[in-house]
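Now, the feature entries from TrEMBL:
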type: DOMAIN; residues: 32-520; note: domain 'Major facilitator superfamily (MFS) profile'
type: TRANSMEM; residues: 38-57; note: transmembrane segment
type: TRANSMEM; residues: 69-87; note: transmembrane segment
type: TRANSMEM; residues: 99-122; note: transmembrane segment
type: TRANSMEM; residues: 128-150; note: transmembrane segment
type: TRANSMEM; residues: 162-184; note: transmembrane segment
type: TRANSMEM; residues: 196-216; note: transmembrane segment
type: TRANSMEM; residues: 304-325; note: transmembrane segment
type: TRANSMEM; residues: 379-401; note: transmembrane segment
type: TRANSMEM; residues: 408-428; note: transmembrane segment
type: TRANSMEM; residues: 434-455; note: transmembrane segment
type: TRANSMEM; residues: 467-490; note: transmembrane segment
type: TRANSMEM; residues: 496-515; note: transmembrane segment
Amino acid sequence: MEEQGETKERMQRAPFETALHHAGYGCFQWMLLMSCGAIYAVCALSTTTLSFVLPAAEKDFNLTSSDKGRLTATPLIGMCVGSYFWGNLADARGRKKAIIGALLLDATAAFLSSVVQSFHAFLACRFFSGFGIIGATGLIFPYFGDFLSLRHRDVMLCRLEVFWTFGTILLPGIAFLIIPNAAFNWAEGPNFYYTSWRVFVAACGIPSLIVVLLLIPFPESPRYLLYANRGEQALQVLQRIFVVNTKLHEKDFPVESMISAGDGDEEEIVSADNNGNETKSPLTWRQRWDNFWVRKKVLVNPPYIGLLALCCFVDFGLMFSYYTLMMWFPDLFERFSQFTEYFGTTSAGVCEVSLALANHTSEEVLISTHKAGTLYDTVYTHTLIVALSCVPTALSVGITINMVGKKLMLVMMLISSGLAALGLNLVRSSIENLILSCVFESIVSCTEAVLFCVICEIFPTKVAATAMAVTVMCGRIGAIVGNVIFGALVDEYCIVPIYMFGTLLITSGLLCIILPKSTRPDRHPE
């Protein structure tokens, strides 16, 4: 009898992980996966929108390769600024609010960028689009992960990557339906033109509004609520999950209070109050400001400062390569199509094709290059094939991550994608380029998802969103540098950035060997 009483007491004062385990796993998590997955697909759609704008808007803005590099880099600058902003907002005010705000800003920027007429105004709008969408991209993982118990966390988080792939598959489909259609071209006076690629940009902003509606019915992260001294609300969220998953009454939920294990702090008991009153008063602005600096001190002291620096370097190298090539693939496919049309079936690699088109100054080639903002059909089909090649990898990562292990999988994916990037120097035709592009994209597209899983594992809850934001910011800095370098060198010296892609990826993979399995006491099962 005494043992049973002790068991009941432990249930009344359970750690968060135990309480989350008793809330169950089932319908609620799968519905949340669909909503978070839709948001992540929209993040992919918004992030890669410019990949089709590069060749399509070339005539309207008279873009050179360097201009294209600036264009793809501008939203990334917005992402760098925005990632830190949204990370701190999420840690201070909640994950859900930050994600919704980020999506609304992205949609607004997309609509504005579709109507502005000058190149610099377009750049400004794409800056705010990047500023917004990075909030949803960086926060959807910690938000979704806070509803998952240890047993299911890694697998379910990796399943989000499947939805990113869906977003990249949807993009060429939308582009093919809109950009070649002359019916979308119209003018209002001599100074206002609304061409099909502008309609495409606006269309890519609509999904950001739609997915906001999908997120509204779901609650704030219970883990965040607990650490924000809103324990009553956190317990209510777990009771709601329990009811949805088990079809039982919330009174049947076996946990009556939770222990907020605060990484070296004393255990804090947060009890349920039947009158709906919180056991602790909400934080004042002064307390929030003090907590902000407490979170920063955690990240800049061992062991987390070293881990943060490593994660930042890995994401820098990853996005330096992945985002740059992802944004330039349609343009490279367009160059291969132009090369084939004007030089026949001559064998040539990526760099040779770019150099030949840059040096060929015949009027026929120039007219083709700037023909009414239209693209070769092969650009859409090849981009779609590359996106579809990511589906098997995205599905298999979620299945095998627990068997292989996050760290080993991250190392293998980084090294293999680096070798694939180096192989781009060896291709001799558009088909070979397409095949190797599929190999590269299928591997590297899932790598950041695995890195996000590692970050959620090794950093404390109270700084996880900030650590994620700082890492993502460094990744976007890498993407900025990569796009600017590639745009400047692609015409004559593209072999240089390609070697840089491969070297950074392989180096990042080797460094990931020293990553720990976990440094979080509250992440280990009881």
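From the backbone N, Cα and C atoms, a Cβ is placed for every residue, glycine too.
Sequence-distant contacts of the transmembrane segment (38-57) (same chain, six or more residues past either end, CB-CB distance under 8 Å): 63, 68, 71-72, 75, 99, 103, 106, 110, 126, 129, 133, 136-137, 140, 160-161, 163-168, 170-172, 174-175, 179, 196-197, 200-201, 204-205, 207-208, 210-211, 214-215, 323, 326-331, 334, 373-375, 379, 383. Across the domain 'Major facilitator superfamily (MFS) profile' (32-520), the model assigns an average pLDDT of 79.
By the count of Cβ pairs under 8 Å, the stretch nearest in packing to the transmembrane segment (467-490) among 99-122, 128-150, 196-216 is 128-150. Scored on C-beta pairs under 8 angstroms, the neighbour of the transmembrane segment (162-184) with the top count among 99-122, 379-401, 496-515 is 379-401.
Between the transmembrane segment (304-325) and the transmembrane segment (496-515), three or more CB pairs separated by 6 or more residues in sequence fall under 8 Å, so the two stretches touch. Note: the stretches the transmembrane segment (496-515) and the transmembrane segment (408-428) are in contact (3+ CB pairs below 8 A, sequence gap of 6 or more). Counting residues 6+ beyond its ends, the transmembrane segment (128-150) has Cβ neighbours under 8 Å at 17, 20-21, 25, 28-29, 32-33, 36, 39-40, 42-43, 46-47, 49, 74-79, 81-83, 85-87, 89-90, 95-96, 98-99, 101-110, 112-113, 156-157, 160, 205, 208, 221-224, 241, 449, 452-453, 455-456, 461, 464-465, 468-469, 472, 476, 523-525 in the same chain.
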